[in-house]
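Engineer: From TrEMBL, for reference:
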- 32-87: domain 'Protein translocase subunit SecDF P1' (DOMAIN)
- 98-189: region 'Disordered' (REGION)
- 102-120: compositional bias 'Low complexity' (COMPBIAS)
- 161-180: compositional bias 'Low complexity' (COMPBIAS)
- 240-352: domain 'SecDF P1 head subdomain' (DOMAIN)
- 375-392: transmembrane segment (TRANSMEM)
- 399-421: transmembrane segment (TRANSMEM)
- 427-450: transmembrane segment (TRANSMEM)
- 478-496: transmembrane segment (TRANSMEM)
- 502-521: transmembrane segment (TRANSMEM)
- 600-615: compositional bias 'Low complexity' (COMPBIAS)
- 600-624: region 'Disordered' (REGION)
Amino acid sequence: MPKLALDLEGGTQIILTPKTTDGSEISDQDISEAINIIRQRVDASGVAEAEITSQGGQNIVVALPGTPDQSTLDLVRRSAQMNFRPVLAYDSALSGLVQDEPTTGTDGATDAPTDGATDQPTKDATEAPSGETTEQPAEGEGSTEGESRVRAETATPSVEATPTGDATPTGDATTEPEAPVADPNNPSDLAQVTDAVMKQFEELDCVDPANRAGGSSGAENEVLVTCASDGLFKYILGPVEIPGRMIDSASSGLRQLANGAVSNEWAVNMEFTKEGADRFRATTARLAQQYQASMLGQEVAPNLFAMVLDGLVISAPSVESEIPDGRAEVTGSFTQKSAADLANQLNFGALPLDFVVQSESEISATLGSEQLEKGLIAGLIGLLLVVAYSLVQYRTLGLVTVASLVLATILTYVVIALLSWTQGYRLSLPGVTGLVVAIGITADSFIVYFERIRDELRDGRALTGAVDKGWSRAKRTILASDAVNFLAAIVLYFLAVGGVRGFAFTLGLTTVIDLIVVFFFTHPLMTLLARTKFFASGHPASGLDPRQLGVDRPRYAGRGRVTGLSGDATKDSEPALVGAAASDEDGRRLTLAERKAAAARAAADAEAPTATTDADAGDDEETR
């Protein structure tokens with residue numbers, strides 16, 4: 001059963017109150033951009049026929065049809081800015097505060113983080129290109145767990161496997177009496193981790209759901225203490241280096257290895273704008289230097305950069321080398337859904353505003369089942385009228401129209417049900433209107449075809465020849481008509497919004513189904529019926545009776561034969577002496593020489609009676 005849209009089923013309504021992060025006035029352009037991005041997010045989540053509008057230029061109203069799942073509701077509620085920040089430190093439930101301070105030969109440098117970092121990534125090291133970077137085990141990425149990888153899309157083999165990247169710090173960095181001054185040009189400077197920041201970090205409990213509700217992303221030029229979206233880790237993050245608006249595109253798919261083979265590992269590919277690519281290159285170059293410094297035992301921040309959405313870390317991959325072209329791939333323990341979710345968050349994560357949920361409520365259908373019932377009744381009446389007209393006009397031939405309409409109806413229902421099940425499509429009342437209009441479009445194709453067959457019968461063709469010739473003429477008309485309908489549906493779908501798009505979609509869908517039915521069912525069926533005695537003999541109930549079509553005189557059937565109204569071919573009483581059909585009295589075809597001789601004899605016979613008549617006339621005069 002197809003799912004129904006908001007106007008027929010009702011759904012959930014969320015009213016969002018926007019606010020700017022810097023307290024500035026909200027413009028209409030900000031509201032418009034936010035509506036577009038929210039609409040893209042909702043559409044990308046698979047929810048169709050959602051209504052997203054502005055209310056008085058102050059609020060944004062999001063109406064979702066049916067009963068949306070929790071992830072979709074969260075996607076709307078937590079619409080906020082996305083940005084990329086460097087990781088200064090992080091903590092997990094299984095270990096203490098860790099920074100990127102590996103010391104060769106030190107046990108602390110090869111604890112659990114090292115094991116996690118060199119498990120599966122080591123196996124992939126020979127496959128990954130240069131610039132490959134792996135996500136440390138102590139980081140959160142929303143619905144995924146384990147390591148992730150970011151790499152530049154180049155073909156140079158990887159030199160290193162994965163960084164050990166984690167070690168237990170000495171603990172004096174933020175407790176010395178004189179704290180070092182942070183370098184404003186280095187977002188990864190550990191001097192930004194002050195006593196106040198450390199205290200806030202230690203007091204943060206990411207197990208508490210209240211701390212994972214999201215909210216403000218913080219000031220862009222200040223340190224942010226926050227949790228991973230899955231609550232497994234907490235972070236101290238540096239200032240924003242790349243805002244989310246600089247992401248050009250992101251997509252998910254199976255990871256392609258350096259040798260061109262496709263693995264069974266899901267990955268997220270992202271590409272930055274020109275400005276974003278420049279910033280990303282500078283960021284990855286610095287993080288790669290930190291990675292090299294950490295391998296030499298220097299105390300530096302982890303070579304991780306965090307993707308922050310709505311103030312929560314959704315992923316924090318590591319970097320081992322500079323990525324110059326602004327294209328990267330994030331891999332790890334992704335499922336198809338989690339990879340698609342991350343790509344969706346990256347694509348549409350740059351909202352210009354923060355939002356406060358003003359209200360959330362269930363709404364009833366704006367039209368309801370009564371209007372749907374009336375629409376279906378109208379469609380049924382239209383279908384019955386078409387069937388009645390076909391049976392009156394074409395008699396038994398009208399049953400071909402009925403069978404074709406039934407098949408088209410079944411195909412349309414199956415396709416809409418499949419789209420509803422797999423793509424989240426929802427049928428609205430304008431969509432139902434498009435289905436009703438399609439009945440006339442489909443019937444028109446059959447009428448054109450049948451009338452072409454009748455025209456050929458009026459011209460004296462046999463039924464099999466009339467079907468073939470009529471089809472060659474009718475299909476051009478059908479293709480032209482359906483092409484116009486399909487073009488109109490495309491224009492409506494891309495230029496209109498709301499319910500009109502639902503009408504355009506069903507109009508285009510039924511136009512394609514009409515072509516499929518006519519070409520692969522109606523015409524083959526007519527070809528078979530033309531060979532049956534009932535139709536070939538022109539039975540009065542067949543709808544193809546020559547008498548009823550106005551054929552009231554014998555028709556020439558070739559080779560000196562004519563066909564009467566009974567359909568029986570008779571031979572001319574006199575043998576033909578000229579032309580390709582020349583024959584003797586026995587019906588044997590004559591050669592060219594025989595035809596010339598026969599023509600000469602015929603001419604001589606024609607002259608002989610004239611001479612005899614003249615002689616007889618002379619004798620009569622002499623007698624008188």
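Cβ from N, Cα, C; glycine included.
Nobody curates TrEMBL annotations by hand; they come from automatic prediction.
Since the structure is predicted, the reported quantities are computational estimates derived from the model, not experimental observations.
Give me the structural setting of these features: burial, nearby parts and distances.
Structural biologist: Counting residues 6+ beyond its ends, the transmembrane segment (375-392) has Cβ neighbours under 8 Å at 398-399, 401-402, 405, 409, 429, 432-433, 435-436, 439-440, 443, 446 in the same chain.
Long-range contacts of the transmembrane segment (399-421) within its own chain (CB-CB distance under 8 A, at least 6 residues past either end) are made by residues 1-3, 383, 386-387, 390-391, 427, 435, 438-439, 442-443, 446, 450, 506, 509-510, 513-514, 516-518, 521-522, 525-526, 529.
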Engineer: Sequence-remote contacts (6 or more beyond its ends) of the transmembrane segment (427-450), Cβ cut-off under 8 Å?
Structural biologist: 2-8, 49, 367, 371-372, 375-376, 378-379, 382-383, 386, 389-390, 394, 397, 400-401, 404-405, 408, 412, 416, 420, 470-471, 474, 477-478, 481-482, 485, 499-500, 502-507, 509-511, 513-514, 517-518, 522-523, 526, 543
Engineer: Sort the residues of the domain 'SecDF P1 head subdomain' (240-352) into helix, strand and coil with DSSP and give the three counts.
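Structural biologist: Output for the domain 'SecDF P1 head subdomain' (240-352) reads 37 helix, 41 strand, 35 coil.
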Engineer: Average pLDDT across the domain 'SecDF P1 head subdomain' (240-352)?
Structural biologist: 85
